[in-house]
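See structure below.
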Amino acid sequence: MNDAEPMRTAPGRAMEIVSLEGVSSVAFVEAAFALYDAGTPFSITRKEIDLGAYPQLVVTRTIAVAADPGWGRFAHAPRTDDAPAQIVFTSGTEGAPKPIVLSHRNLADVVARLNEVMQVTDEIREYIGVPVTYSFGLGRARAVSAAGGAFFLPARFDPSEIRAMLEAGEINAVSAVPSLWRMVLAAPEAMGRAGEKVRWIEIGSQYMSGEEKAAMKRLFPNARIVQHYGLTEASRTAFLVVSEETGEALESVGRATGSAAVEIDPEGAIRIRGDHVATGILGADGRVAALAGADGWLTTKDRGEIGADGLLRYLGRLDDQINIAGIKLAAESLEAEINALVNLPGAFAVAAIPDALRGDGVLLALTEDLGERGELVEAAAGIALRARGLAQGGLVKVLHVPGLPVTDSGKVRRRALREMHIARLAEPGLAGAVGLGDAIEAGPDADLTEGERRVADAWRRVVGAADITPGLTFYDVGGDSLSSVQIGLVMEGAGFARAAVRATLEGRPVREVALLDGAGAGGEAGEAAPAELPRRTVESWSINAVRGLMVLSVLISHWGPGVFERVGLAAAADRWISMIYRMGTPGFSFVFGLGLGFFMLPGFARNRPSVARRLRAALALVLVGMALIAAAKLGGLAMRGGAIDGGDVARAFYSVLAYYALALTTAMLWLEGLSRVSRPVPVALLVAAAMWGLWEIAGPLMAGPHMNTLLEWPRMMFGGGGYTYFKVSTTAFLGLALGAWLSRREDVAGAQRLLIGGGGIALLFAVLAAMDIWGAGTFETRGAPVFSSFLGALLYAAFGTLMLGLFMALTRRWNRLGAIPRGIAQALIVTGGLALPIFAFHEVVIPTKDMLLLAGLPGLVALALPLGAFLLGIGYAWRRLFRMYFR
């Protein structure tokens, strides 16, 4: 421990205290106990509490402690005098945290009553699962030490560690808050029979349902399980002995014991009395204002009731009460009812907001990482409210937040949510949170201006029927790289200003697009789009750039050998760019899956018709390409005078496009399955591994002689050819997993770093592993075994991941890029937008050339005609798309 100089001084009647660094460690507990014994009041230093902002406190010294998790055993005899022992701060749910003075008597009373209820002995060896820098954790350390026992402080709460320590006989008690116990209850098999060795458990004061408490009893059948109810200023007021109660009693928080007492006032507020109630609030003038009234009772802002059984039932905060036209709801109770339907604790919260018609409305705050599961929470909120007779449209407003604002003890700061909602209402052009049911009652475009409706109508022509609100982007409602080509053409044809088209492709919301088109409120046509690219644009453009890179590798792979052979460089090219030659098929399937995972999976449940429509459009393009290739091949065969059988027809329709025909046909099944699981990323990775395993099985089975019937096509597609469904789908699912992961990331800078770091390390590992297995020259020929191995699939997935991260780094610096790097990035982005037509139609060139040669045309002319037609068509589309994006 190190003593620092005093932080500040103040004149007058300020209280002198020691600041104890908030590090959950054995050294921290030792320091705290030493200060208790010396009668020196202290406060725990936390970054969110600036002790210098409280003139009534003078910090005489600061004690820094080491971070040393592990075992602690101390003799602790609590003092029972009324001298100040510790300064704690209120949670700050309403206003600035207030300094509360706890006396030695306050702390000693809690220890005595707690140990009596839990019936602990000096045999207790407790795993304290919460930091001892907070009231609950330090209270456990005091109680265990006062009983003569020992405690273990982990580096973090770890159910596996708890089980191992129980099985080794090292611990026999565990304490944790409900949110941590839910981790254990979610996988009871992980605890197994070890739970039978637990003798004592204390549960913190957050809400826990009766069913959850019953599950605790089943998992820990021999434990004396106690849950407490209390406040910062009146810790552990009531105790529920969970192990002794059943049924409805488990929904309560128990009864007061010893000197503590509780009652309910006429307003429904819980009132508390006893030696554990804090001395008071330390005012700015240094005086301590008593918390309890003249009658000795502390009136809380908690709402409750005491049943005939004498048990206290906590009904939520009075200041969190929602009064809807006379029907009163507790926000916390409503949350519990919603969570009972969806089981997503901590991912949403409820608060009261002003409603001119009803008095209060319901604000439903959803964390952004919920993704499409947010719809389930919204539906559950509707069910819970209807069960209470509240089914009015517009009653619930939905607010999407990066994370819920909470206090140190995990309580939701509902006032902060209300303020966020009100702030949104004050933003120009915003209508606050989205209303549940508003669109249904008033029509899907009720909140749109005339100009915004025009934009929404144009977008629906491409993505299909979709609910579009002013804050949504084209990509939010189902747009992707392929449909970006379509939307550009649609909007240009409808007479939209070029700036509006560009803003759509950049991922700007409806309101901005309408303003730029000049049809919104006060918008000026041709107005420049904001300089900073939105997160969604950075990600979608980067995916397009990787797609462009991969389709170029396909062109090099298919056309490069012929070009290099003509100039005498075939052998050199085969040696130096063999990796690029072989990247075409796995690389393109990787970005195919990447697009599915990023653009289509996140909103699949909501945009199923739109996704199906886009997949059908892509499939139609692929089928046209297949038909043209087959016509050229069969035409050439007929011109040679050969007989055409079923096998010839099958082989004419067999190419890499055949894989995409199957993949696009079955993609709805892929997305349907993955949208139904809560963790699609690991599931997609498992499917990728399974696909490779199926190919390893099917390959030898399908490797027989060629068949002269149409059955030759399925033989090649499911094991006998190079573009087999199972093999190519391996990299597609690897890409899908990455796309799904990226779609859930809000921190684009963090995602970029992980992609570059993870992709680079994985690529280096794959290269070194291949060289170790097959030799240093393994990459010098196209026929090297690494390219047809599972390691090769991982290599190309790692390369694609690295490239995605690098392109995100470039795109995030878009307005600071020089002309050359920006030009290269622009070219790849536009090429990626046209990747599917390039991929589909470039394969028509060589079969058509062969057919024209048989027709007697000179070789140069035979090549120039189909190649010229391909380049003209793609060049025209490329120029149009480039203008839409960047001019």
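Placement of Cβ uses the backbone N, Cα and C atoms for every residue, glycine included.
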Match it up for me: which of 17-35, 150-168, 169-187, 587-605 does TrEMBL list as transmembrane segment?
587-605
Excluding the flanking five residues on each side, which residues at least 6 beyond the ends of the transmembrane segment (651-671) place their CB within less than 8 Å of a CB in that stretch?
585, 589, 592, 596, 600-601, 604, 611-612, 615, 618-619, 622-623, 625-626, 629-630, 633-634, 637, 687, 712-713, 716-717, 721, 723-725, 728-729, 732-733, 736, 839-840, 843
Touch test for the transmembrane segment (617-639) and the transmembrane segment (823-841), at least 3 Cβ pairs under 8 Å:
yes
Residues of the parent chain within Cβ reach of the transmembrane segment (823-841), under 8 Å, 6 or more residues beyond its termini:
481-482, 484-485, 541, 543-552, 554-555, 588, 591, 618, 621-622, 624-625, 628, 657, 660, 807, 810-811, 817, 870, 873-874, 877-878, 881-882, 885-886
Excluding the flanking five residues on each side, which residues at least 6 beyond the ends of the transmembrane segment (683-703) place their CB within less than 8 Å of a CB in that stretch?
597, 670, 673-674, 677, 715-716, 718-720, 724, 726-727, 729-734, 736-737, 740, 790, 793
Are there residues at least 6 beyond the ends of the transmembrane segment (786-811) whose Cβ is under 8 Å from a Cβ of it, and what are they?
533, 537-539, 541-543, 545-546, 549-550, 578-579, 582-583, 586-587, 590-591, 594, 692, 730-731, 734-735, 738, 742, 748, 751-760, 762-763, 765-767, 769-770, 773-774, 778-779, 817, 821, 825, 828
So what's near the transmembrane segment (853-878) in sequence-distant terms, Cβ-Cβ under 8 Å and 6+ beyond its ends?
485, 636, 639-640, 830-831, 834, 837-838, 841-842, 844-845
